[in-house]
Amino acid sequence: MTAQLINGKEISQQRLAAVAAAVEKRAAAGLHTPCLAVILVGDNPASAVYVRNKKLACQKSGIESLSYELPASTTQDELLKLVDELNSNPKVDGILVQLPLPEHIDSQVVLETILPHKDVDGFHPYNVGRLVVKMPLMRPCTPKGVMTLLESYGVDPKGKKAVVVGASNIVGRPQALELLLSRATVTVCHSATQNLAEEVAQADILVVGVGIPNFVKGEWIKPGAIVIDVGINRLADGSLCGDVEFDVAKERAGMITPVPGGVGPMTIATLLENTLHAAELHD
Ligand code: GUN
């Protein structure tokens, strides 16, 4: 059996179109144009691509974006000062600090400086806590985008066995919470997990976000499983691949996300949905 491909590009375009329509409707009603401030520190090439795509998506959907590209030598105090200014700027609805930050900056301190209702990444502990108690304000973009994909393809996690591979603050942990809130039975695997293959083989829904090319082997996957690959890895030949061994996995899975064109575009579409939501909170 060959799996159905989950087309994140198509779903993300539908979501961006919906954001654009909502932004137009706001303008017609005399409400302000949503505005996202994007901060990039240093010259990580992958981050530069992500930030460029985020700004392009803003343009396409009528959201205003302010761009701050700072040198790697920027001090933590300088960055905190910029975040403070953006916090108190009434024009700015959302603030995104692209991760990773240079090593001399404590990213947790920076993320906790962003006002929770401007925290469109949903990384502030206040927003993480609200997600835990099922009263979300801002939900992290990648896991929320994954839930949108599942919903768009008619997959209800309720009662299913979900396995999340990776326990990062950006993907794995909030993904596990999202699946739990949708009433899946959730297992989280990480670098200390024993018998990873056995855990993966239990999954009706498998979400993988570890950042290692082809880390999850296709033969581990339960026949018919829904496989969501969050990894975007650049190989030496310049091509992109995910964290799941796609060619083998697609012959066993029921549905699978490709890389590129799966989760990546959903992260960006969700960021713009969160920015629109932040603007609505500021009305
Ligand atoms: N780096 C990798 N993913 C993300 C993300 O979703 N948000 C931010 N701010 N940085 C990232």
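Placed from the backbone N, Cα and C atoms, the Cβ positions cover glycine too.
Caution: TrEMBL annotation is automatic and unverified by curators.
Look at TrEMBL and you will find 6-121 tagged as domain 'Tetrahydrofolate dehydrogenase/cyclohydrolase catalytic'.
Taken residue by residue, the domain 'Tetrahydrofolate dehydrogenase/cyclohydrolase NAD(P)-binding' (140-281) breaks down under DSSP into 53 helix, 26 strand, 63 coil. Taken from TrEMBL, the feature domain 'Tetrahydrofolate dehydrogenase/cyclohydrolase NAD(P)-binding' applies to 140-281.
According to TrEMBL, the feature NADP(+) binding site maps to GLY166, ALA167, SER168, ILE232.
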* Asked: If one looks at the chain holding ALA167 (NADP(+) binding site), which residues at least 6 apart in sequence have a CB under 8 angstroms from its CB?
  -> ARG173, ALA176, VAL188, CYS189, HIS190
* Structure fact -> Widest Cα pair spacing in Å over the listed NADP(+) contacts GLY166, ALA167, SER168, ILE232 is 16
* Structure fact -> The average per-residue pLDDT within the domain 'Tetrahydrofolate dehydrogenase/cyclohydrolase catalytic' (6-121) comes out at 98
